[in-house]
Amino acid sequence: MTVELKRNLLESSVEDIDLESKKQRVDNDVDQNTSSVDEDIDYEEDYDEVNDVPIDSGNSLFNNNAKWQETISKVVKSVVSIHFSQVAPFDSEAALVSEATGFIVDAKLGIILTNRHVVGPGPFIGYAIFDNHEECDVIPIYRDPVHDFGFLKFDPSKLKYIEVTALELKPSLAKVGSEIRVVGNDAGEKLSILSGFISRLDRNAPDYGELTYNDFNTEYIQAAAAASGGSSGSPVITVEGYAVALQAGGSSEASTDFFLPLDRVVRALQCVQTDKPITRGTIQTQWVLKPFDECRRLGLSEDREKEARKRFPGKTGLLVAEAILREGPAYNKVQEGDTLISINGTPICSFIQVDNILDSSVGDEIIIVVQRGSKDISFRCTVGDLHIITPSRYVEVCGANFHELSYQMARCYALPVKGVFVASATGSFDLDPKEKTGWVIDFVDNKETPTLDDFIEVMKTIPDEKRVIVKFHNLTDVQTQRITSVYIDRHWCSEFRIYTRNDKTGIWDYEKITEKLPPLPIKPQKAKILDLPINDNKKLAKMSHSLCVVHSVIAITMDSMEPEPTNGCGLVLDAEKGYVIVSRSFVPHDCLNTFVSFAESILVPAKVVFLHPTQNYAIVQYDPSLVDAPVCTPVLANERLERGDETNFIGYMYSNTLISSKTKVNGISSLSVPNDIIPRYRATNLEVISIDSNISTKCKSGILAADDGTVRAIWLSCMGNKEKLYLMGLDVVDIKEVVDILRAGKNPKVSIVDAGFDSISLLQARIRGVPEEWIKMMEEESENRLQFISVTRNSYTTIKERLEPGDIILSVNGKLVKRMRDIGGVVGTDDDTDIESELLFKVVRDAKVIDLKIKTVQIEETTRIVVFAGCVLQAPHHAVRQVKTSIPSEVYAVSRGTSSLALQYGIEVTNFITHVNDQSTPDLDTFLKVVKEIPDNTYCKLRLMTFDDVPFAISLKTNYHYFPTVELRKNPKTGSWIENDISET
């Protein structure tokens with residue numbers, strides 16, 4: 001696993017406002033946001049501690065080290081490495097796989113203490129590795145609503161070779177100057193021991209930024225131990241072997257670390273041990289510790305300061321109100337800047353006192369005294385229940401997760417704790433591609449959704465495939481309400497479930513809410529299509545009537561294409577039958593939703609009817625009866641464009657604005673788009689057109705047309721290596737055979753010579769052994785370009801007689817090969833039985849002319865995927881076969897979830913699974929047969945092969961509750977995709 005410095009969960013850094021140092025929490029979470037940390041003035045020790053720290057000069061350094069060695073040897077048996085997955089995005093936390101540390105605090109009950117940001121607020125699965133490398137599953141039994149600690153539970157009877165012991169918690173031993181050790185899983189290592197000295201006991205909780213988890217209303221302990229990712233949850237121990245604090249965070253630019261005091265942990269542990277509820281009270285107010293001089297400036301009277309300094313001689317400040325949540329118990333009572341004097345008559349100087357009173361007063365009325373403007377102000381306030389305003393359930397629908405807005409999120413902006421929070425803005429509710437967090441839903445389908453239950457009731461009434469209006473806002477900008485239309489997808493994302501936390505089992509139980517409602521009938525719509533603003537050419541102006549925008553939404557990764565919405569210009573090929581041609585970068589396969597829009601007024605569904613394996617175009621079909629608009633079938637040219645020809649570019653800019661420009665062809669060349677790091681569809685073996693116009697670089701799609709309105713070429717965008725976009729023209733003559741077959745009511749099929757080609761100069765051809773008579777023939781017959789076509793690669797095949805890299809193509813079936821399109825393949829229909837035919841190639845290989853019979857092949861598109869352990873598996877698609885010389889298995893990994901078991905245990909994208917439990921898995925059928933026999937929550941052995949043919953093996957534990965095995969298969973007759981659940985929990 002890659003180790004990064006993050007929130008001491010291997011975590012992300014955050015910037016300190018005053019010291020300009022970045023803070024981190026110490027575990028293995030590589031996906032957290034960054035922000036600032038408030039740094040205060042150094043204070044003295046707590047008021048009940050002795051200021052003078054004795055210096056032990058009587059013991060030698062040797063004796064001290066020996067004592068530490070003895071202590072550490074005992075402590076390490078209580079420390080565990082936690083490997084975990086936060087399964088689903090929830091509240092402030094993203095879905096992730098990570099590592100952290102914990103330590104045993106009750107060996108009999110099997111209770112492990114770790115951080116709250118490790119346990120997480122949402123679904124969790126994990127296991128603990130003990131000092132002797134025994135492993136045991138852990139379940140979460142408590143996560144504090146505010147403070148950064150939680151408890152995991154394991155079954156001690158499952159451990160056979162180690163006798164675990166618990167660390168004793170003694171928070172009172174934490175003193176300034178004390179030498180400590182942090183024993184944990186630092187930087188992802190099995191065991192690290194870091195030393196340091198406590199420098200502060202009264203630091204405010206570090207602030208890790210907005211829209212992420214932050215502790216508050218507690219003091220933190222500060223020390224210099226230089227802990228890093230993976231040490232979250234480590235015990236901070238004294239030389240006597242007592243745990244005095246819990247490692248939580250630190251600075252990534254300094255050696256400073258932040259520890260959580262254990263006072264509230266001790267109380268919570270006692271409640272768990274005695275099977276009592278852990279009550280947590282709140283008045284929905286955040287307090288911060290401020291020094292006396294600042295308190296005076298905020299309104300603390302001199303008498304109150306004098307009294308506080310006398311009563312708490314070790315303290316240098318008091319608690320001041322920082323944020324009061326609207327509609328909370330203290331709203332319109334406490335004000336920002338108020339200095340807290342007492343609660344129920346008890347003078348207050350620390351957060352621990354506040355927690356003690358609130359936690360024991362849930363539902364009761366308390367009397368609070370604050371100072372404001374040098375005057376005492378007293379009021380009564382009813383203590384609320386923190387657990388009630390902490391979400392314990394969420395809804396999954398349309399590929400997104402929702403729950404009630406949490407106290408944790410609302411506190412950042414002093415908002416009321418209410419509303420429907422979007423935990424994962426994905427699927428239908430991908431509200432803003434640039435911002436994925438912080439969204440709150442206000443209205444759906446013109447119905448208000450103030451609570452999660454209201455949201456559920458509204459979603460129950462919405463049919464599949466309906467477009468509804470959603471009003472929403474972001475927590476960072478509550479003044480701005482945004483409006484968008486959402487396509488309700490209940491066919492790709494069929495689940496409509498509610499998950500509820502079960503603290504007894506540690507599992508989030510789910511139940512199905514309702515089945516999807518069938519789609520409503522689509523009614524024809526009318527639209528006006530405006531002419532292009534070309535006053536001197538009415539025929540060109542009418543070309544807008546043949547153009548549309550094709551929209552695609554990919555629901556699941558297939559062929560290594562990530563699920564995301566795309567759109568681009570389409571050309572109507574046949575207005576009566578509804579055929580539209582579009583770049584394959586917008587329609588990469590047919591496991592998606594496709595729509596066609598006209599004049600930015602009508603949007604109708606479409607289906608994929610043809611995908612060209614190499615030429616980078618797709619053809620979709622919509623129902624023309626649904627479009628009441630003057631859509632026109634254009635005239636396609638019969639002659640090819642040549643270099644120097646004048647033409648007109650008409651295309652859609654990235655904003656979907658239609659523009660046009662006079663231009664000319666400045667080149668026609670051969671092109672194969674370079675491979676991506678992860679193989680995916682790419683255009684190969686094309687004859688492409690380039691034009692003399694900068695406007696083409698601003699348009700991802702369009703057409704080239706003659707002055708009389710005849711379409712000469714399709715302007716396409718191709719995805720290349722490292723997300724680079726290639727823009728080029730494809731002559732319409734190259735697509736006419738396919739178009740004619742479709743217009744005739746048949747299904748086109750293409751059979752190709754499956755190899756990679758490129759052009760070489762006559763000089764290179766002569767050097768590599770092409771006979772002079774062939775060079776002379778090329779010079780005589782070629783008019784525009786003098787070149788030969790050479791083989792650059794050979795796709796994976798079992799056919800023995802094949803082209804080899806370096807071959808120079810002289811002729812095919814006796815015809816001189818002058819350009820790439822001369823070896824473009826055979827176009828036919830699905831009725832043709834001989835579409836895969838043999839072609840007679842004459843090539844130069846190793847400076848010798850030889851004849852080859854090369855069989856053309858049909859490229860099969862993907863029709864089946866399997867999701868196992870959160871990993872999407874399929875047969876290797878064509879892009880993989882184009883670059884591989886051997887295929888180890890037909891079980892190929894194209895994607896894995898950010899919280900998946902596949903990621904946790906080490907299945908990489910582009911791996912091949914060759915064996916499961918030592919049984920060969922040459923194909924998906926065999927793979928499914930084997931994994932069906934693997935019980936839930938058990939280990940299986942996987943043997944894999946990397947893309948570079950390096951074999952390795954891993955073990956993986958199944959979890960069918962969160963990661964079921966699912967098959968998605970295309971029905972060859974209807975073209976629809978059917979989901980089948982393979983595993984049962």
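Cβ from N, Cα, C; glycine included.
Taken from Swiss-Prot as is:
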type	residues	note
ACT_SITE	H117	active site, charge relay system
ACT_SITE	D148	active site, charge relay system
ACT_SITE	S231	active site, charge relay system
DOMAIN	287-385	domain 'PDZ 1'
DOMAIN	771-847	domain 'PDZ 2'
REGION	79-269	region 'Serine protease'
Remark   = Summed over the domain 'PDZ 2' (771-847), the DSSP helix, strand and coil counts are 14 helix, 26 strand, 37 coil
Request  = Give me the mean pLDDT over the domain 'PDZ 1' (287-385), rounded to a whole number.
outcome  = 96
Ask   = Can you tell me how far the Cα of S231 (active site, charge relay system) sits from the Cα of H117 (active site, charge relay system), in Å?
value = 12
Task = Calculate the distance in Å between the alpha carbons (Cα) of D148 (active site, charge relay system) and H117 (active site, charge relay system), and round it to a whole number.
result = 7
Note = CB neighbours within 10 A of H117 (active site, charge relay system), counting all protein chains shown, number 34
Task = List the helix, strand and coil residue totals of the domain 'PDZ 1' (287-385) as derived from DSSP.
result = 25 helix, 38 strand, 36 coil
Key: S231 (active site, charge relay system), number of other Cβ atoms within 10 Å   = 34
